[in-house]
Amino acid sequence: MVIPPVLANSETPNPLAGSPLITPDLIVIYFIFFILILGLADLIIHFIRRPKNLKERLKILLILGILIKLLVIGGGSALAAYVFLPAPKVIYTSPSVMAEGVGNQTKIEIQFDRPVSRNDLIKEVSPEIPGIWRFELGAYKTHIFRKLTFYPDLTLQPDTNYTVKISNIKNLAETASGQDYSYSFKTQMIPQVDTVEPKDSAQEVQINSAIKVNLDSPNDLLAEFNFNFNPNFEFETKLSADKKTYTLYPKENLKQGTTYKLLVNKIPIRSDLKEEKIIFRGDETKEFEGSFTTKPPPEIKSLSPTGQEVLVNSNLNFTFSKPMVRESVEKGFSTEPRIKGNFGWRDEQNFNLELAESLKYETAYKVKLAKGILAKDGSFIEADLTFEFTTIGAVKVVYFTPKAGSGGFGINNKIVVTFDQSVDKPSAESHFSIAPTRTGDFSWSGNSLSFKPKEALNYDTNYTITIGLGIKSISGLDSKQTFKSTFTTESEITKIAVPAYLQQYPLSCEIAALRMALSFRGANLSEDTILNQVGFDPTPHQGNTWGNPYQAFVGDVKGRQMVTGYGVYWGPIARVATAYRGAAAFEGWSLNQLTLAVLSGNPVVVWVYSLGGYPTYWWTPAGEKIYAVSG
């Protein structure tokens with residue numbers, strides 16, 4: 001917001017026009033004065049001497065008249081000689097000689113010890129400024145002046161040395177040569193921001209505080225000040241009588257707990273004193289930048305009870321962030337449903353509601369501290385503060401370990417049941433069961449019951465944990481329902497030490513698998529040895545005719561799948577295996593049969609294909625249809 005200075009009422013008087021020195025009214029006054037003096041003298045003489053006749057009386061009046069005229073002429077001549085003949089001297093100036101910090105609306109006054117001649121008097125102000133000179137303190141109407149005043153039309157330049165020069169100063173008779181007189185003064189600097197209230201970075205500022213910007217000197221038509229706040233708010237501005245302090249009054253209370261930034265900019269100005277308007281504005285410059293933070297609203301630092309399973313005999317306790325007005329807190333406090341109790345205060349920050357009767361079981365309570373509750377420092381709660389808690393009810397199971405429906409549970413792991421509250425331990429243990437049945441030992445950690453089976457659980461088995469109703473509670477209600485959880489134990493893993501060999505050729509996967517199985521049984525053969533014993537079918541791949549993998553290896557083991565080479569099926573592989581160790585070939589095995597073979601310690605070679613494979617076929621030269629997989 002731009003705050004312009006207030007223009008003073010600076011109407012400039014018009015100069016006085018000249019007029020005759022001896023005017024008719026002056027002559028009339030002179031003769032009236034003369035007659036009055038003469039009449040007074042006649043009365044005095046009449047009562048003192050009492051003249052005998054009119055002739056003598058007239059004679060005396062004539063003599064008195066002549067004496068009075070001589071006295072007037074003599075006295076007037078002496079006075080005129082004093083006033084008109086000596087050279088005038090300056091006895092007073094305003095501003096004073098070498099004055100500093102002169103206001104920029106100041107008129108210039110020069111006063112002489114006696115009247116000065118207006119003829120040929122030269123008046124100058126440097127630097128030049130428009131305005132008008134006027135003669136003042138005249139002894140008679142527009143004559144015999146002892147004072148010269150300059151009324152500027154514009155405000156003076158700030159921080160500027162002005163020189164006033166009066167040349168050809170003469171007395172009224174102009175009997176002496178003209179004298180010169182000059183003197184200087186300096187105008188005040190443009191005011192600067194001295195201090196700001198609240199201070200920069202001030203904390204805990206009242207939300208209804210006015211902001212004061214104090215200047216180091218009066219701002220009398222020297223500058224405009226621009227006040228900007230972020231966040232912005234509306235305010236009124238007043239300039240003090242001494243024009244040194246701007247006070248900013250917010251139209252509404254500031255926000256609580258908010259940091260406001262204040263930027264003060266300054267614009268130099270000059271004004272027309274006659275028109276009462278600003279005629280020049282200079283560059284805007286930053287004068288001050290700072291911030292302050294208002295008092296934060298009161299907050300709840302801690303409260304109890306909270307959450308679930310609250311005991312029905314729990315008092316309500318609140319700790320505020322600052323001292324509070326007790327009556328305001330108690331008036332703004334409410335609960336739903338209503339809680340009967342008595343207010344108590346440990347100090348002005350710690351407030352409690354002591355129960356007059358127990359809370360209800362299994363009930364959700366809502367506590368409200370209404371907006372507007374006051375703190376001691378004048379801050380207040382800006383919006384309703386609400387808190388909820390639920391009282392304890394019937395015993396419930398809140399968590400099973402393992403979780404219901406989970407699998408892969410270790411056969412030697414503990415089973416854990418966690419309750420929502422403290423329970424009677426023997427009661428809980430007596431209501432625990434597991435199926436298929438297992439005996440075990442119980443242990444406790446807080447509200448969690450652990451069951452450790454004395455024997456390991458079975459692999460790949462579904463177990464059900466049951467917690468029967470009627471478990472006794474320590475502080476709440478006994479359980480009213482049965483809780484169950486079903487889980488599956490881990491699968492049994494059997495691993496035999498079959499060595500892993502990389503296949504030596506692009507299409508020798510069946511050969512490499514047999515090599516690993518034989519090696520596990522102690523028969524260490526190379527792929528080439530096995531290939532030679534498997535044998536090769538020399539039938540070339542022509543169209544849809546090719547060799548028979550049920551008899552030997554089809555195609556080139558170094559070739560390209562389904563183009564120049566394919567592989568061999570389980571018959572030839574089993575034939576070679578039996579030459580070294582006991583072996584058998586099977587088709588259509590179930591997963592269970594395969595698992596039993598591995599559990600017996602026997603390696604199994606399985607024919608599979610990748611996800612990218614697709615079924616195909618060809619014919620042997622003998623007319624047999626060979627089912628195959630490409631990929």
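Here the Cβ of each residue, glycine as well, is placed from N, Cα and C on the backbone.
A TrEMBL annotation is a machine prediction, not a hand-curated record.
TrEMBL lists 27-48 (among others) with the feature transmembrane segment.
The transmembrane segment feature in TrEMBL is assigned to 60-85 (among others).
Residues or ranges marked as domain 'SbsA Ig-like' by TrEMBL: 87-187 (among others).
Helix, strand and coil counts under DSSP for the domain 'SbsA Ig-like' (191-269) come to 0 helix, 44 strand, 35 coil. Residues or ranges marked as domain 'SbsA Ig-like' by TrEMBL: 191-269 (among others).
If you look up TrEMBL, you'll see 296-391 (among others) marked as domain 'SbsA Ig-like'.
The domain 'SbsA Ig-like' annotation in TrEMBL covers 394-489 (among others). Averaged across the domain 'SbsA Ig-like' (394-489), the predicted model reaches a pLDDT of 96.
Among the features that TrEMBL reports, domain 'Peptidase C39-like' is placed at 497-609.
Counting residues per DSSP class in helix, strand and coil order gives 6 helix, 44 strand, 46 coil for the domain 'SbsA Ig-like' (394-489).
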